[in-house]
Structure formats: structure tokens, C-alpha cells
Amino acid sequence: SSGVSFARCVKPGMDDLGDPDFRTIGAVAGDEACYDIFRELFDPVIELWHGARGSDARHPTDLSLDQVSSTPIDPTGRYALSARVRGGRSFRGVRFPPACDHQERCKVEQLVSKALASVQDGDLRGEYFPLPGSRTFASKPQGMTKAEAADLDRHRLLFEKPDSSEDLAAGLSRGWPQARGVYATESRKLAVWCNEKEHLRVVSLEMGPDLAAAFARFVRTVNSIEASAKESGHAYA
């Protein structure tokens, strides 16, 4: 373990009692080891929330492109205006956002920006934009400009500081906005959020109903980031 305490894991539930009409989870894992060290807490929560039984339960991951139907969702084009595929991942060897410190966030930013800088081909070509006010990315020491922020916001690719009581109790806004940013492709069909609520969140967009195209771009991005991060000893958790 990297020293994540039980108190850190249950802090959201202790600080925010929630709403009886809106069920949420009052526990967070500070690193991957928490699921083993504090399994008496996490196993029942996982079973209740996901229906997975036993401490050996694993989240099923299937990124096979042939499992996505190529049949048009809406051949008329009247109802399905766009398709979006999104998913979050965190790295091994770095504490998760509820527990990580400034240096670890910077490490994640380096892993993500380096990985995406190496895939500058086709529809994955783009640029990393640190959030306004972030001073951790050398080529943009003041963060993205107002114009860049407005453009990303117009394309709905910009994320905001967490402000819900649940997120604040989980510690997700600590040190904001340092080492947070958005990688956006030139086409604005793909964004990778760095250090939002996960180490990274990939969002793939397609105007129109072509879900298969959005998923294919998502898979290539997720796999490219992990391949690069593994070279530094950080596979996905």
C-alpha cells in the first residue's frame, strides 16, 4: 500500500451523509491496494452496487471492435444526433485522485501528455491544454488561454472544478487547477481529461449515429496511452 488510511477511504460518507432519496457511495479507494486491505468495506459495497460477488470479482473489460454492431442506430438521421463513448482509467503505482498529492498529479499529467504526443497521426492528432491557472505544464506555464478555454467549452470538452459535497468530501478539488488539463484532437472528436475524477477520462464523439466509429477511436486512444505508460512502469490499475 502507499499509505492510504481507512479514514481517507470513508471520509466522503463521514463528511456527507447524503440524501435518502438519492443513493450514493460514501467510500473511495485511495489506491488499488485498498480493495484488498479494506476488503471488508469494499467487497459488500461492490456487490451491492455492481452485483459482483466475492473478493475475486473483476470488472469485465471488452474492447473488441467486433462486439459493436455496425447497424445504424438511426438510419433516418432524425433522432440520433450524436454518439459519445467515455470511460475513466487510473494508473498503477500512483495514488488515485482522492489520495494523491501534487507530485503524483504531475506524474499523471506527464504520463498522459507524453503518451498522446506520440500518437500524432490521423484523427488522434491534437494538443494538450492545461486548465487556466495551472503552472505545471512547461510549454503552457499559465495554462490555456481564454480563447482556448472558450473553444473547448463550446465543443463541450472542458471540465469544471468539482463542487458537489460528495466530490469535495472525496478530496477531488485539492490543489485545483494544478496538473489538470484537456487533450483535444484537432477535429474536436476526442478529448482526454487529465486528473479530473480519475487519472484520465477519455471522451470520443461522433456527430451522427456512428457509435462504432466513436468506440473505435476510444479504444485506440485508451490502448495508446497504456502502451506508452507501461514503458514508464505504469499500466492501468
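Each Cβ is built from the backbone N, Cα and C atoms, and glycine gets one as well.
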Binding-site annotation, TrEMBL, ATP: partner of Ser82, Ala83, Arg84, Val85, Arg86 in Arg188, Arg201: Arg201
Max pairwise CA distance, angstrom, over record-listed ATP binders Ser82, Ala83, Arg84, Val85, Arg86, Arg201: 19
For Arg201 (ATP binding site): DSSP state (helix, strand, coil): strand
Other C-beta atoms that fall within 10 angstroms of the C-beta of Arg201 (ATP binding site): 19
Tally of DSSP helical, extended and coil residues in the domain 'Phosphagen kinase N-terminal' (1-51): 26 helix, 2 strand, 23 coil
Whole-number mean of pLDDT values that fall within the domain 'Phosphagen kinase N-terminal' (1-51): 89
